[in-house]
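Report on the following structure.
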Amino acid sequence: QVTGNGHVQSLAFPNSYPRNLLLTWRLHSQEKTRIQLAFDHQFGLEEAENDICRYDFVEVEDISETSTVIRGRWCGHKEVPPRITSRTNQIKITFKSDDYFVAKPGFKIYYSFVEDFQPAAASETNWESVTSSISGVSYHNPSVTDPTLTADALDKTIAEFDTVEDLLKHFNPESWQEDLENLYLDTPHYRGRSYHDRKSKVDLDRLNDDAKRYSCTPRNYSVNLREELKLTNVVFFPRCLLVQRCGGNCGCGTVNWKSCTCSSGKTVKKYHEVLKFEPGHFKRRNRAKNMALVDIQLDH
């Protein structure tokens with residue numbers, strides 16, 4: 001119960017925090033009040049992997065009777081998380097660390113309660129749509145009138161573009177060129193376990209084009225010969241063979257990916273030599289009658 005000012009923090013703050021922790025604080029204030037959080041400037045957790053806080057992170061959630069909204073998930077040490085005011089009189093803070101030790105100070109969050117009629121500051125609005133920041137890219141600052149962009153809506157928007165340049169033009173028409181240049185700038189801060197060599201410039205447009213161009217291509221499938229040939233009175237060796245069949249997530253990354261299925265434009269029949277067995281007595285004098293090398297046809 002929040003009745004005044006206080007704080008929560010990672011263990012041993014501002015010294016290195018322990019490994020393998022999962023801590024949760026649920027703050028509850030009086031009716032018609034809200035809870036305000038402010039992070040200490042000594043904020044430092046394990047760095048993100050590919051700009052996603054996978055390993056060590058602190059997460060803040062708004063709690064109401066009908067829903068739970070993630071206001072943000074933070075890690076790394078470059079930026080201190082913003083001041084947050086809850087939308088209701090309940091808020092949840094979660095801290096997680098994995099089994100990898102890092103020499104970081106952790107976090108300390110100061111909390112207090114405010115009267116419900118006080119509006120949230122513009123800098124606090126819509127933080128539920130942000131999980132981690134990408135260094136070097138200047139995002140449009142949210143305002144009180146900006147609508148919240150959900151992950152599903154953002155995913156649909158990204159699916160409409162084929163290049164990074166067009167995507168950045170859509171998000172930031174005025175600063176897209178600067179954003180594109182900053183996107184590939186190397187940063188000297190600590191990178192974490194998955195980063196060992198100097199960051200190289202990745203061709204995101206080529207990766208996106210390859211996924212769309214080659215997702216639905218022939219690939220090896222293992223088929224059971226008795227099931228494939230619909231034969232129940234014989235047995236084959238080998239029991240299964242590899243065939244080339246069309247498959248894959250053909251529309252991944254496009255707006256119509258759920259309605260897209262891979263289908264072959266052309267099929268060919270190929271012969272395969274296998275050993276066929278027929279049921280019966282396998283005495284030496286009758287063995288030749290029960291088995292034979294045969295050619296079978298399979299669709300590729």
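Heads up, residue numbers simply count up from 1 along the chain you see.
Every residue, even glycine, has its Cβ placed from backbone N, Cα and C.
Features reported for this protein in Swiss-Prot:
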- Cys53-Cys75: disulfide bond (DISULFID)
- 1-114: domain 'CUB' (DOMAIN)
- Asn220: N-linked glycosylation site (CARBOHYD)
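Of the listed disulfide-bonded residues, namely Cys53, Cys75, the sparsest Cβ surroundings within 10 Å are found at Cys53. Under DSSP, residues within the domain 'CUB' (1-114) fall into helix, strand and coil as 0 helix, 56 strand, 58 coil. Annotation note: Asn220 (N-linked glycosylation site) sits in a strand segment as assigned by DSSP. On the 0 to 100 pLDDT scale, the model's mean across the domain 'CUB' (1-114) is 89.
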